[in-house]
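Visitor: TrEMBL lists these features:
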- 1-58: domain 'TECR-like N-terminal' (DOMAIN)
- 133-286: domain '3-oxo-5-alpha-steroid 4-dehydrogenase C-terminal' (DOMAIN)
- 63-85: transmembrane segment (TRANSMEM)
- 144-162: transmembrane segment (TRANSMEM)
- 174-193: transmembrane segment (TRANSMEM)
- 213-228: transmembrane segment (TRANSMEM)
- 234-254: transmembrane segment (TRANSMEM)
């Protein structure tokens, strides 16, 4: 290959010789145990001499991220309704079980549905993915996580024996306001990140605050979308005062902290002028 060839061009040439391994299945590396090279990297800019040995690894069957998110988020939306409408096979046929006397149960369904409808809209119209695909085998694990927790939360929130929050309307109203603010913030961050790749480029860029006040969290954290996401589930926990929701929120926080740290340290490696005040997910702390 020519010295100015990109990794993407090498993937395409490899695919031409071995049609069973399409570009998304290929991991091209300089070292067998090293990281995959990015499509836009140019051969002559890599730490190689006049000759180079590249290593190939089959990543297995792949599925597009848009399809992944649509599957992951559609499931919780409809699974929740099975419990909200109290299907006979869930709670029984007793007439007392057909509806809930607590308004917060209806509000929780509205908020839960809004959250996942928003995610579906973002997947179709907002998100621009740096990686086009993920391994097909991961879809089962991801769906078990999202769909399973949706069923678990919905079962207890819509249960005939469910009791409303201890502090009544004050607690619920506070949680709803917090929920809406976090959802607006999360959406604003996703739009700001999408605008960084409006030209179709997959090159990583430093995100900065815009005129939108919700994006000002970029002054303090690298991944404010995760900060707002955790805030959304904390508010949902306060609203429903339900232990399974709290456990789900805790797991979300742990997972998103791991993702945020990974992205934060990637920014630090790639950009020498990266803002020093930023933390991964929680301002000044974490």
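Backbone N, Cα and C define each Cβ position, glycine as well.
TrEMBL annotations: computationally assigned, not manually curated.
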Visitor: Sequence-remote contacts (6 or more beyond its ends) of the transmembrane segment (144-162), Cβ cut-off under 8 Å?
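Guide: Distal contacts: 72-73, 75-76, 79-80, 82-84, 86, 90-91, 94, 96-97, 100, 102, 105, 108-109, 112, 240, 242-245, 248.
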Visitor: Any contact between the transmembrane segment (213-228) and the transmembrane segment (174-193)? By contact I mean 3+ C-beta pairs closer than 8 Å, pairs at least 6 apart along the chain.
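Guide: They are in contact.
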Visitor: Determine how many residues of the domain 'TECR-like N-terminal' (1-58) DSSP places in helix, in strand and in coil.
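Guide: Tallied per class, the domain 'TECR-like N-terminal' (1-58) gives 17 helix, 10 strand, 31 coil.
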